[in-house]
């Protein structure tokens, strides 16, 4: 995928016509579908490759630790923090070195160096193969077993549940001693799924009509995790908007750092990344041990508490972004620069005013996304741990998709009440109502946090015994 992007950026015949999307007077030529095939194939190949990497690395790394060993359980928590730290280091390199390469040497050089870096990473990963702990899942697919639970529960919907849960079907632990599986105790939640474990003497055992209690409990765990997963989508939606509009804001502001050195607007996300590079070691090595002494929890605070802290911080970040946008627009208005050209006519206000919203959201990232990885991995059934860590990336993907839809909805809903044809319509960000949009995101995040409090308070952690 990266090799194709390199070729597309290098050969002019594969590139679209020049267009400055940040120039209010610019008119971009619409491309035909056939002209974008090469680009989309490359992007989807990159996405497919990243999906495999992001789905496998968290669970593969966590598999190197035994979560039932107290000492290794502490180390596993540090691994997830370290994973985010490594992502931040990579992000810092991409937002500085690669942005510089793209701006000064060309996109083809930037993509080419990226392709070489990925090839080197592949070699390093293969060299470590003899050192890895490889956990091979025994028996049938856990995903198939979960589907069987829902099918069996529907087929047995007319059966009456026994008063004693011990009467539900489970295999004999002694007779099945060789079975490498966890035996989960019955929990009094989602009782409708228990009907999948009702055994009738008149029929032969059928996996699509009779399931073990452990199978049913695994299905309950996955079902209970779904609302937590859903509550994190709004946060990624906010992140997508912050990344998009902050670059547009930065293009209108003074990007001077020291003397004649300027920070490219595309490098603005480096601000939270730099903060995280310093905050993560502090949190992992100092804050967590102190919290552990107070709470007695191996990770300092519970996974759900960590997620909740990040969600409320994302709401605060959006409110801060709204305030910063009001300040930026007031400078443009006071200096009669509402129609100023981005980059060429920067406003007399430093781009580092945007660091406040990025700083808060960076901390929110550390809490919520690492908390999600820990939560999904520790709670998921043994055979679904790899799949469970994909929930984080699925949440992020849905958030990015919904962010585009939200912009369209907001523009349609506000096109008759604004002179610009919508809060976010047009190329001139100085005449848009981005501050109101950020405020809307803050309110959505706050409502989402309240829903999360209700969901998390009802969640019952799986038994570790």
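Quick reminder: no glycine exception, Cβ is built from N, Cα and C everywhere.
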From the ranges 304-324, 325-345, grab the one TrEMBL calls transmembrane segment. 304-324
TrEMBL feature transmembrane segment, matched against 416-435, 436-455, maps to 436-455
When you get a sec, could you say which of 196-217, 262-283 is annotated transmembrane segment by TrEMBL? 262-283
If one takes Cβ-Cβ under 8 Å and requires six or more residues beyond its ends, the residues near the transmembrane segment (304-324) are 228, 231-232, 234-235, 238-239, 242, 246, 353-354, 356-358, 360-361, 363-372, 374-375, 435-436, 438-439, 441-442, 445-446, 448-449, 452-453, 456, 459
Non-local residues, at least 6 beyond the ends, that sit with Cβ under 8 Å of the transmembrane segment (356-377): 58-59, 62, 77, 80-81, 83-84, 225, 228-229, 232, 235, 238-239, 242, 246, 268-269, 271-273, 275-276, 279-280, 283, 299, 303-307, 309-311, 313-314, 316-318, 320-321, 324, 385, 388-389, 391-392, 395
Answer yes if the transmembrane segment (262-283) and the transmembrane segment (37-57) have at least three CB pairs under 8 Å among residue pairs 6 or more apart in sequence, and no otherwise. no
Long-range neighbours of the transmembrane segment (389-410), counting only residues six or more past its ends (CB under 8 A): 51, 54-55, 58-59, 62, 225, 229, 232-241, 244, 369, 372-373, 376-377, 422-424, 437, 440
